[in-house]
């Protein structure tokens, strides 16, 4: 059996580490061609020692020099590259069959698009790719025969319970709606009067999942679920009015599909990203992920509730951007990334994140942008607007 040759973008993040854990369990099935790890050079060097990729990519020349020194010390022959073009190169290399797109934020878009242009199998964990450029990305993938497999636990759950021959037309398969579950994050029951004083350390402590700091804050505001709504819209060709969100604090049911006959099919499992990663990497097989069995005896009640927009205004803003379409999701994402970075840096309050996003969505912007240059230009304009607004909040 010829192993699948992988590029893993974002290998030092939580998704990347989980991917490598799954890969390590199946050395006969996978070979790592390239790893990309931004600035965590020590962790990336250790990964290179273990998986021996041809290439490792970091953010800039300074971090490249540090990584080269570590690899030379350890006798590892991996070639070091740096910069945005290097990400594109390792994602689109002829030797590569599959690309794990796990870079956080819109910065991951060009490399994901490059993989789509080369017809790769894309394991999509970077939700911003579809939020910012859904129409462009999906059309590029279709035109070049690229397979787009969702790694996000919610979308992967939907993917697992949709009919195998799903054509992207809900009515043909008797589908009434797609339901994304959300944990509600660490502040689901907190007093709203305390939200102004929430600290970054509090916001990144997710009750169920192990995630990076930015995504953890997005979970706390439920912007993460808002971005996932937009992602589901593009992945499954699902109209906005057929998408639902339900809060499920236990994170055991990862998402559901409601059918016209009254049936609801759900995917359940322990909250561990290795499950959706293994499902995508192993298709059409089911391969070992290293995740333990779900223990039904140990489960208490499974509970559900509707999201409260007063508690989670970012989710409401995401609904509005999805319904508006055009460049609105791009603006939503750029403003949120700028605001979350400012919050994590101690510049603004937790409640200022939604205020910043709302401000940017109220500005004038193009109704629709059809190329990556225009999308990245709008992204840059919105970030500048967000930074200017943040300056008024200090």
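Using the three backbone atoms N, Cα and C, a Cβ is placed for every residue, glycine included.
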Besides 152, 154, which of 95, 128, 228 does Swiss-Prot list for that Mn(2+) site? 228
Have a look through 212, 226, 262, 269 and flag the one Swiss-Prot assigns to the NADPH site that 12, 13, 14, 15, 39, 40, 126, 128 belong to. 212
Mn(2+) site shell beyond 152, 154, 228, criterion: Cβ within 8 Å of Cβ centroid: 127, 150, 153, 155, 156, 180, 224, 225, 231, 232, 255
Count of other CB atoms lying within 10 Å of the CB belonging to residue 228 (1-deoxy-D-xylulose 5-phosphate binding site): 27
When neighbour density is defined as the number of other C-beta atoms within 10 angstroms of a residue's C-beta, which of the binding-site residues 12, 14, 126, 224 has the lowest density? 14
Including all protein chains shown, what's the count of other C-beta atoms within 10 A of the C-beta of residue 127 (1-deoxy-D-xylulose 5-phosphate binding site)? 27
For residue 152 (Mn(2+) binding site), the spatially nearest of the binding-site residues 39, 212, 224, using Cα atoms, is 224
